[in-house]
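Participant: Here's a structure for you.
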């Protein structure tokens, strides 16, 4: 029992209170995009997923809308959506390229993203067009700091 | 980099929601915590890892350290303690409080036995819902009721306006708004056993829908055996200065099995139980008949009318409403509020009003309204979610009750 469209409004809130900082892992062998994607670079092929930090905020993933194999991705544009209990989020591509493999396991088991964000929870494998783009991504240390700064900003807004 | 990341996630969510939700312009709210009202348990929530969000002008916990999914499952398995102190409790008193209230609600208030309550709807002249509420006849001269936080100002203004008219004609009714009290909801199979530790009164004699004033944990409480989850449970109105102690005592007595639970899980639980959320599944233009709540219109009231919008409602009972609330299962992503429902031919026949993933059923569930004629089980329908057609793969009854909780409710009823 509540006021109009509260779930809609709530879904746009990804704020956390100061006391609740779950410890999220940042993997050392990966690069990171500014909207919390991780990238594993293996030659001219990369694997993309969402970081533990972002998943902590999203909560249980209940549905993943995956792109098709062969889809062309452009850096900074949305290529997938991830739904949690109360919100739907776009996943932005950290690089440009062609999707060569899609993690179809996520269709039946979206919870893999929460359980194994950096291994079983991968989203797509992409053949990259431009090696330079990878250099624009954050290294683990930089990403950890980025997450901290973002949380401080969130706390300041409270 | 600044302005990216989670903020960007939030923005993309906002854009997405703005597309699917044409009525509400979803926007990132910049209200600081200082503008929001706080319940007596605010610090307690924060200390327990509560994620506080703005809700109906209050700062309320959407969840704690455990996920919404785990919280929902735990409520049905063990129990949950909710802070619902943002809701508005009030008492109507006086010799004529019953006939007064009967003008405003669909319930047979006179027919309620003292110490029993029911879910009802406050209606407007067009038969639409102003709010839903649990009302309780304490005595023939005292009615206790709880209304939604988001509707507080509207409801109180409505009641006050009618009260002035009523008393000016010599009617005896007055009110008291219980801002000195806090409402807690204790729900789940452990609710009764845990609460029994904190009171001398025999709770096995308090059946579902019944009310009692009694001492709980050293404070004088108004206790209603009711809830918003479909489970057994209680709503406890406790003096605000005793609220934290009561919450602590409940959690301690349960040895950690009853957990503090936030609004996120509360929404999942009520959706699974088929209960309307005012503002989503019921609005000013929705009649109780359309909402599947004809059962809540007392038999005598159907014969006599005498409440706002009675003509519209009685006609709908006779002829059938043009739209009806339904419960649906769908494939793919969960349907959300305002998703369009279409028939086989692609014609718009309705709209989803609430939807999500059911942690207990492990399926997508949704409540919505469809044109009468399309509401029967098995009708081929689809829901449009972000531009894609998703088939409706199953139906539930017209009250949208997804979980089979009937056995539970029967067990709790007075024999």
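Heads up, the Cβ atoms here are built off N, Cα and C, so glycines get one too.
Grabbed the feature section from TrEMBL, which reads as follows:
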DOMAIN    B:41-299  domain 'GCVT N-terminal'
BINDING   B:235  substrate binding site
DOMAIN    B:325-391  domain 'Aminomethyltransferase C-terminal'
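Are these features on the surface or tucked inside, and what are their neighbours?
Facilitator: Within 10 Å of the C-beta of residue B:235 (substrate binding site) we count 26 further C-beta atoms, all protein chains included.
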Participant: Over the span of the domain 'Aminomethyltransferase C-terminal' (B:325-391), count residues by DSSP class, listing helix, strand and coil in order.
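Facilitator: Taking the domain 'Aminomethyltransferase C-terminal' (B:325-391) as a whole: 0 helix, 39 strand, 28 coil.
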Participant: Can you work out the mean pLDDT of the predicted model over the domain 'GCVT N-terminal' (B:41-299)?
Facilitator: 97
Participant: Look up residue B:235 (substrate binding site) in the DSSP assignment and report helix, strand or coil.
Facilitator: strand
